[in-house]
Amino acid sequence: MNALVLGGGGPAGASWTSAFLHGLASGGLPPDAFGTVMGTSAGAAAGAWLTMRPEGLPGVAERMRERAASRAGAPGGGQVDTDLVRRALDRSARGGESALDIARAAVAALSPISADAARSTWAAALPEGAWPGRLRVTAVDARTGRASVWSARDDIPLAVAVAASTAAPGVSPPVEIAGSVWVDGGVRSNTNADLLLEIGDHDGEGRAVPAEKPGRVLVLAPRPTAGLARETDLLVAHGYRVRVVGASPLHMSPADLLDPRVTDTAAATGSVQAHDLAGELAEWWYG
């Protein structure tokens, strides 16, 4: 299995990732090069555009800017529990508190919303169409603290899955799906790259196919964390060849992740990095 892993990072992270992916396509790594695309939080939104309408990738930054600006202009200024945001980011970066503790705090901070309400929050920011068979989306069950990797076979509307995957603690409300409550996949990890080991191979329609031998995994991490090394080590131990690209030199603070003014800067950074790395990554991918 060859896979692309897209990490979280708020509107700024989605903007960086989408611009980078567009640049990769121009430099020799087209969207269909990746057999499996797994997105966490902002990476879920970027993954939807890559797998459904890649020509729309350059417009993602504008969509993220509009979403962030709309939130900032909402009554109360889109109130954020900054302490919980930092706790969640610290958990993703360094461990410490359990994913279950953060998930429960997220539910206590903001009342969960229904799947229908969740769909309405993301439908306009995603491409129209059926959930692609190669796209995976991560989210964390607030009852258990465990992550799930959803696919088209789970019969969850994509906009609902993305809303759950981006339900950042203290920022966006958890989402009720199938009798449980779900929060941001980044509560477990900002990338969740090791979860590739728990999913099978499927064709473009989501049907199970015979497992392929371990291949290459490209990880795009707007906010690389120390835990990513453990994830990549696990993949390597199982025979995968792994490359990681972080959004350096873009250093995003918790406030930056939600700031509509940062999305354009993030996209510009992603474009420059893709221009510099696309040839090298294409050679590695096909080598």
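Backbone N, Cα and C atoms are what each Cβ position is placed from, and that goes for glycine too.
Caution: TrEMBL annotation is automatic and unverified by curators.
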Motif 'GXGXXG' according to TrEMBL, located in which of 8-13, 74-79, 200-205: 8-13
Of the residue ranges 39-43, 169-173, 259-263, the one that TrEMBL records as motif 'GXSXG': 39-43
Per-state residue totals over the motif 'GXGXXG' (8-13) - DSSP helix, strand, coil: 4 helix, 0 strand, 2 coil
Count of other CB atoms lying within 10 Å of the CB belonging to Asp184 (active site, proton acceptor): 30
